[in-house]
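Visitor: Feature list, courtesy of TrEMBL:
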TRANSMEM  B:12-31  transmembrane segment
TRANSMEM  B:51-73  transmembrane segment
TRANSMEM  B:94-116  transmembrane segment
TRANSMEM  B:136-158  transmembrane segment
TRANSMEM  B:188-210  transmembrane segment
TRANSMEM  B:216-233  transmembrane segment
TRANSMEM  B:240-260  transmembrane segment
TRANSMEM  B:266-285  transmembrane segment
Amino acid sequence: MSGPAEVTEKAARAAAPTRGRSLARVATARRQWIVMAVLLAVACYAPFQLVPFRVFQLTMVLVYAVALLGLNLLVGHAGQISLGHGAFFAVGAYGSAIMIDRWDTPHLATLPVAAAVAFALGLALGLPAMRLRGLYLALVTLAIAIFLVPLLKRFEAVTGGSMGLTLGKPVPPAWTGLAEDQWLYFLALAVTVVAFLLAHGLLRSRVGRALHAVRDNEAAAEVMGVRLSFYKTLAFAWSAMFAGAAGCVYTWVIGFVSPDSFALTLSITLLASIVVGGLGSFSGPLLGGLFMMFVPSISQDVNDAAPGVIFGLLIIAVMYVAPTGLAGLAGRMTRSITKILRKE
Amino acid sequence: MAGFLQEIVEGLGAGAIYASLALALVLIYQFTGIVNFAQGELAMFSAYIAWQFMAAGLPFWLALVLTLAVSFVGGMLIERVVIRPVEGAPELTVVIVTVGLFIFVNAAAGWIWSFLIKDFPNPFPGGAIEAGGLSLGYSTLGIMAVVGVVMGLLYLLFQHTKVGLGMRAVASNPSSARLVGIRVGWTLALGWGLAATVGAVSGILVAPLLFLEPNMMGGVLIYAFAAATLGGFDSPVGAVVGGLVVGVAETLAGAYVGFIGSDLKVGVPLVIILFILLLRPQGLFGRAAVERA
């Protein structure tokens, strides 16, 4: 008679900590949403307080953050390396620019097309590369990044060759009463929010869990029934899509595209920024975007090569001492501060 | 027909340069399982060091020897200081570290020597040998000879010296090598030093053809990767054969496929890499890796 009772008791004891943990998780999740809401409120308020140039800089931070979000999906969550995400960024930027230039497509309508083209391209290129180890993906993407610039210069009739294409920027609708830079900022903000929600949902779904499994142990993931090549290719295509969307917004904001803006440096800077921002973390892309925008603009005064020296040293240092990047450091700091506060 | 043969000769000349950089990549891969994305930049940096020696008034061949020595020590130092902390770390970490090295070395060269292009003297005379309607440039011949000598020296080192035997032991099984008394750490550093030296040769061979500037090796690196993929990342012979094949393929594609022309030639290595990965991922001379998870 005592058997089943013991079992239930054991089960209850086993369940109790789980329930406690899940409550804590709900609390953290709620806190996260509050932080997000506050951040969003600040982000909406900022453009009314800053000079247009600062608003432009913040807009570029958002553009980079969307691209880094995609790269984070691939590198941080699926554990694959891309040295050519600048190429997908360029595909989005040129896709949008060509549509606006040739067919006078409204700016906003180019976004889904640019994203879809980048997704399809990511799928096509990921298929051969993903059948193999991550290393080969790095090789293939590096080759793509180098090949893209001469390719863009070659099809001069469509891409405008080395001279590039100059385009009109989106005009703010009269009812908003916003200046051009503010309107661009809010467009970029909207795209960023949607992109973050998409990525968040994606990572919580079975796709996200499959990606984490692939990253942490390929063999174990495969045994559990995760189709490695399918999920790796999918992750690559998704991340290309985010980069393409970011490129499209870039075209709106800058109003000009030229091949040399999308050279290998862009791809490498993207990788460096996400590593420094924090691989596999939610705020990593935003911190990386801030880093990518402001570090070069500040350090360029010292020397043209200073941003590269800083990026190179930081990326190595981060890999040694803080593999979770700025986001991880920020999290660690918050935790230790909370601990100190609780003790007192 | 003579034109076709001439293109092949030109291709072999270019291929010899790719082969030398691919050889450096393969050397490091064999010992450490690392694909060094910074290899091209290290070669570029070595070329700058040679330029600096010559600017100080040294004759070319003395500058060459000094540069090779500096590169060797530099390569060993990089292994000890930069790579050692991530030895045995996941592939992702190691690749990111070499990419960091790539960015750093590239920017450092720009900082020290500026991004303006510099003239680099060609060590070989300008003329050409005319034979049977073909003209063999002394420069092309010289490059092939240098790469041949480097290969021969490496062969002698690996097959006929005690150091080489130790290096092969480490490449084949590091823990067993350690048990028989080989200092594995130093051997790995030696491998990096050798690779940096071979890379320096390719940098110095490239510099007169492309002009010296910090981004000089970006394109060459892709050809070298294609060569190493084609030949197999674990086969030095494969790297050389791969380099020559890539060089010839690129030159012929540029000359005879109108669509490609001279500006889209850099797409050739991309196509080669993709095809090899699809058809024979271990490369022509490589061994297929059997992994136990």
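Heads up, the Cβ atoms here are built off N, Cα and C, so glycines get one too.
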Visitor: Are the transmembrane segment (B:51-73) and the transmembrane segment (B:136-158) near each other by the rule of at least 3 C-beta pairs under 8 angstroms (pairs 6 or more apart)?
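Guide: No, the transmembrane segment (B:136-158) and the transmembrane segment (B:51-73) are not in contact.
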Visitor: Considering only the recorded stretches B:12-31, B:94-116, B:188-210, state which has the highest number of Cβ pairs under 8 Å to the transmembrane segment (B:240-260).
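Guide: Looking at each of B:12-31, B:94-116, B:188-210 in turn, the most contacts to the transmembrane segment (B:240-260) are made by B:12-31.
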Visitor: Would the transmembrane segment (B:188-210) count as touching the transmembrane segment (B:94-116), if touching means at least three Cβ pairs under 8 Å and pairs must be 6 or more apart in sequence?
Guide: no
Visitor: Look at every Cβ pair spanning the transmembrane segment (B:12-31) and the transmembrane segment (B:216-233), keep those 6 or more apart in sequence, and say whether at least 3 of them are under 8 Å.
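Guide: Contact confirmed: at least 3 Cβ pairs fall under 8 Å.
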